[in-house]
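First comes the structure, then the notes that go with it.
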Amino acid sequence: MLTRLLVSGLFAGAGAGLIAALLQLFFVQPVLLHAELYESGALVHFGAEAVSAHQDLGGFEPVRDGLSIVFTMLTYTGYAFILLVGMALAEMRGANVNGRNGLLWGLAGFVAFHFAPGFTLAPEVPGVAAADVALRQVWWWATVVTAGAGLWLIAFGRNWLAWGAAAVLLLAPHVVGAPEPDTFTGPVPTEIGALFASRALGVGMAAWLLLGCFAGFFWQREGARDGARQPA
Amino acid sequence: MTTQTVKSTLSATKIVSLAFAAILGVAIISVTGHVQAGALHDAAHDVRHATGFPCH
């Protein structure tokens, strides 16, 4: 069981994480670097002169981007372990888990870990004003846990009581609200901030769909291998 | 004992395995996405922003 969880998680997480990292480097990193020019003051939005929307953002930075690849692969491996725990519990309840329905698991994971927190705490472009980071992290975890529990109840609940509770769990963090800054001080043009948020969510969705698919595939394959190894 | 049911039940070993995998997952995400130690934050900075974690 543990071997099956760890092997499936490592393969699925590393694979999906590597693809996520490459997508981020290509689609998100240029937007981030562009925003950092405003964050650092190298460019000034609404200054005396209009600023070109096209800037030299530099190319691939081996250390910085290499670390990003490593940390993205690690992050998705962490996601994979949590997703696989859910898959294992569902399988014990009689659900069939494979690469194809793993896509649904991945979509649910994306909603729980990216979309639900991002719905109120949008992915932060560098330079945005934000409340205390520890408070936001508490809210982030609370939202991930309640959204995950809500989605589980939608998928496996059998009556309206469960589905009603799911709706409450999904809505509550956003009705309560996330920690917000006292004042807005972001120096980054809104066009860059909006593109950053949609790119971050889009790449997250693509990577999570792959993660769910890979996790379901490896979970099933490792399970079949375990079954073949055990004497009947 | 010639037939094994496909649907398995929750044994102590399984509970420990599931708990270990869940804790490992949460620990990894906490380190890559949340711990504010300087070197870790700098190394994971771009990932945290791009993955939607609260940064700074």
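Every residue gets a Cβ built from N, Cα and C, even glycine.
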Among A:18-38, A:102-122, find the range that TrEMBL records as transmembrane segment.
A:102-122
Which listed stretch (A:102-122, A:160-176, A:196-219) has the most C-beta pairs under 8 A with the transmembrane segment (A:67-90)?
A:196-219
Are there residues at least six beyond either end of the transmembrane segment (A:160-176) with Cβ under 8 Å to its Cβ atoms? List them, or say none.
116, 119-120, 139, 142-143, 146-147, 149-151, 153-154
Non-local residues, at least 6 beyond the ends, that sit with Cβ under 8 Å of the transmembrane segment (A:102-122):
79, 82-83, 86-87, 136, 139-140, 143-144, 146-148, 151, 155, 170, 173-174, 177-178, 197, 200-201, 204-205, 208-217, 219
